[in-house]
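For reference, the structure is listed below as structure tokens.
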Amino acid sequence: MESEDLSGRELTIDSIMNKVRDIKNKFKNEDLTDELSLNKISADTTDNSGTVNQIMMMANNPEDWLSLLLKLEKNSVPLSDALLNKLIGRYSQAIEALPPDKYGQNESFARIQVRFAELKAIQEPDDARDYFQMARANCKKFAFVHISFAQFELSQGNVKKSKQLLQKAVERGAVPLEMLEIALRNLNLQKKQLLSEEEKKNLSASTVLTAQESFSGSLGHLQNRNNSCDSRGQTTKARFLYGENMPPQDAEIGYRNSLRQTNKTKQSCPFGRVPVNLLNSPDCDVKTDDSVVPCFMKRQTSRSECRDLVVPGSKPSGNDSCELRNLKSVQNSHFKEPLVSDEKSSELIITDSITLKNKTESSLLAKLEETKEYQEPEVPESNQKQWQSKRKSECINQNPAASSNHWQIPELARKVNTEQKHTTFEQPVFSVSKQSPPISTSKWFDPKSICKTPSSNTLDDYMSCFRTPVVKNDFPPACQLSTPYGQPACFQQQQHQILATPLQNLQVLASSSANECISVKGRIYSILKQIGSGGSSKVFQVLNEKKQIYAIKYVNLEEADNQTLDSYRNEIAYLNKLQQHSDKIIRLYDYEITDQYIYMVMECGNIDLNSWLKKKKSIDPWERKSYWKNMLEAVHTIHQHGIVHSDLKPANFLIVDGMLKLIDFGIANQMQPDTTSVVKDSQVGTVNYMPPEAIKDMSSSRENGKSKSKISPKSDVWSLGCILYYMTYGKTPFQQIINQISKLHAIIDPNHEIEFPDIPEKDLQDVLKCCLKRDPKQRISIPELLAHPYVQIQTHPVNQMAKGTTEEMKYVLGQLVGLNSPNSILKAAKTLYEHYSGGESHNSSSSKTFEKKRGKK
């Protein structure tokens, strides 16, 4: 019976393979045309919408995006302001199109995030820090991500912060560890570059030798396997040799690229750029034994076909069918040779992905599910024990796909350093289906065993050590508690509340579970979605037990330093103090603070001002005036209570029901009653919104050899003026200056004139000129701004209109009150309607008309 079933399944698989072959033949003739057209589009740096659309419509994976972005960057030399803005826009588009929860373990995705932050550092270093933090949170396992962030902080003069980043990367187990150790050593030696070119080469060579020795023993059971090889093989080996975790999802993505770049020329390191080669660079291109490291066959120039079916113990034959137990996936991989290759650079390798029909693909998946029990690869018993012990120690299944079905993938341990620290690497022993991405994407997480994270465009693995309980059910009397990002499958089912254990590496999933809840001081809140993130915090939209909407801000304190802790404590204190005095301050309803986390239950807004400005192509003058008045009232409130915000920017204001409210007092400073300014130990704030007096002057204002900067309420006026300037002209006053040193000099230079292009609203232009005066003594104050004609929304005409309307109503009622007959009232009302519809008001003629009507009666 089993033999008959096996034969039936073999016939079914053969028929599916024939369908795949037919589809491939159908698209085969289109390969060259697609390649030429795609090259033509990619070469055009002025408009890449065609390539972008093709990437998003086909695979939409990080490799394709990275290839396109590197090509654009190569063609954007020398880098001008316009090209920089275009590059940043493309990188931003790529990040928005790639969900971090899906690609957080992908090297190309990590490089896109890092490079985007580096480009932002060239344009706006103050904003770049947030993007470096985002890259570090999304892709924490890659050492080069942490080093790039540390390099940026070092370039900003924050040596202590740079060292903290590297040390935390070591604690997190980022790979390769040797790269982090070299960076730390160079930092201690006070070198400007954390990694030099020579160190990169030495690091690459030593890592290769160590990895080869380690893998020779670990992969002994694979020595008899013959594998086909593709152009990505060297990249896969390089990633393998760096000891990086490569989940099956990442592997699957890597072999279905429609754009691919094999080699990349070494480029100079601009502002903050970490001198780390791409792992597929020539420096990392190493020769390894094909019997030890699996690879995939490149498609020959003669277009000979090679099916990625691996038969253990025998060489692959030309026959398209094979034994069912040896089948891993059904696919036709075909790649193209590089168009041009030399020692310095190579062109893009164009590969055409074949897209199956939905019906065929779903049928293929169904048949593969039916035959999964026959496809389980044989794994040595010693390795099986190693996987089991590893999974038990971690308490979390890092590969739910491997447990949900029986396509297990060996997890190989590699020694990282002399302290016996280990990292794991998952390498598929069979090829991965190019035509069937849902196999890995749909089964990478098991929805039944994962408490999903509400997220829209959020961090992948950052908030992994939550301590606050999260309820799995909708407000039960006694319920099991977990973390908002936990995976409940690893916990025992109990009736009591179970808290998450420390130091868990939990995977974040983007979609939200409808019954996921958070507990704050015993109150249960049901999470709807994630609405924001930044640094070590995230914001969720939640429902309380009365079905009222709130926002809960979560702050992870495990990586926070003392300054960060103080900033959050100040924020809570300021919110509690100020929300009682103004409705322009965001409301804080409840909070919970521990050594590991902070939860703040706050008023839920619609969108922050920064995001709103980016989405709006043009701003209505009335909206701008209304929001400006809201900002003035909010800042006036904090100034009345002796608080200078010192870091005002659009992101600090939240739109709530059409009203702007001030949020985020993280770095606010409370002034003493007898002082008019605050001397700060370090420069804070955003450069584009930073007042001249807040910029450090190394030649003056020194105390004990340490530079100081002064801030006052007038400093917030400058920042508000920059925000209003942005709302008026679509940019900040000094945004066009890319070089940060030049920008700082321009801000404090009285000879540098700020442009105020003519606008119809002359009172608005006057407000901008009064706010953006470099001398704080000459700068306008908040009370004066509140009394400025621009803020007075046509007070006098409105009063006159109201007065006129009152007189009109009195006149109409006076005319109607003397009429007794319904017909007379109807005629009088009709006459009044005709008069007012024609734009007329009551006058002598209308009075005579009514008098005549009344006389007739």
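Note that Cβ sites are derived from N, Cα and C of the backbone, with glycine treated the same way.
When SER302, SER382, SER393, SER456 are looked up in Swiss-Prot, the one carrying the note phosphoserine is SER393; the rest have no such note there, which does not rule it out for them. Of the candidates THR33, THR301, THR371, Swiss-Prot marks one as phosphothreonine, and that one is THR33. Within the set SER204, SER363, SER611, Swiss-Prot records phosphoserine at SER363. When you go through SER49, SER321, SER389 in Swiss-Prot, the residue listed as phosphoserine is SER321.
Of the residues SER317, SER844, Swiss-Prot records the annotation phosphoserine for SER317. For the annotation phosphoserine, the record in Swiss-Prot points to SER80 among the listed residues SER80, SER206, SER353. Checking SER346, SER455, SER567 against Swiss-Prot, you find phosphoserine recorded for SER455.
Nearest neighbour of SER821 (phosphoserine) by Cα distance, taken over the binding-site residues ILE531, SER533, VAL539: ILE531. Checking each of the recorded positions ILE531, SER533, SER537, VAL539, ASP647 against SER80 (phosphoserine) by C-alpha distance, the shortest gap belongs to ASP647. Straight-line distance linking the Cα atoms of VAL539 (ATP binding site) and ASP647 (active site, proton acceptor), rounded to a whole number, equals 20 Å.
With every protein chain in view, the residue among the recorded positions SER80, ILE531, VAL539, ASP647, SER821 whose Cβ has the most Cβ partners within 10 Å turns out to be ASP647. The CA atom of SER537 (ATP binding site) is located 18 Å away from the CA atom of ASP647 (active site, proton acceptor).
In the predicted model, the domain 'Protein kinase' (525-791) has a mean pLDDT of 84. A Cα-Cα distance of 22 Å separates ILE531 (ATP binding site) from ASP647 (active site, proton acceptor).
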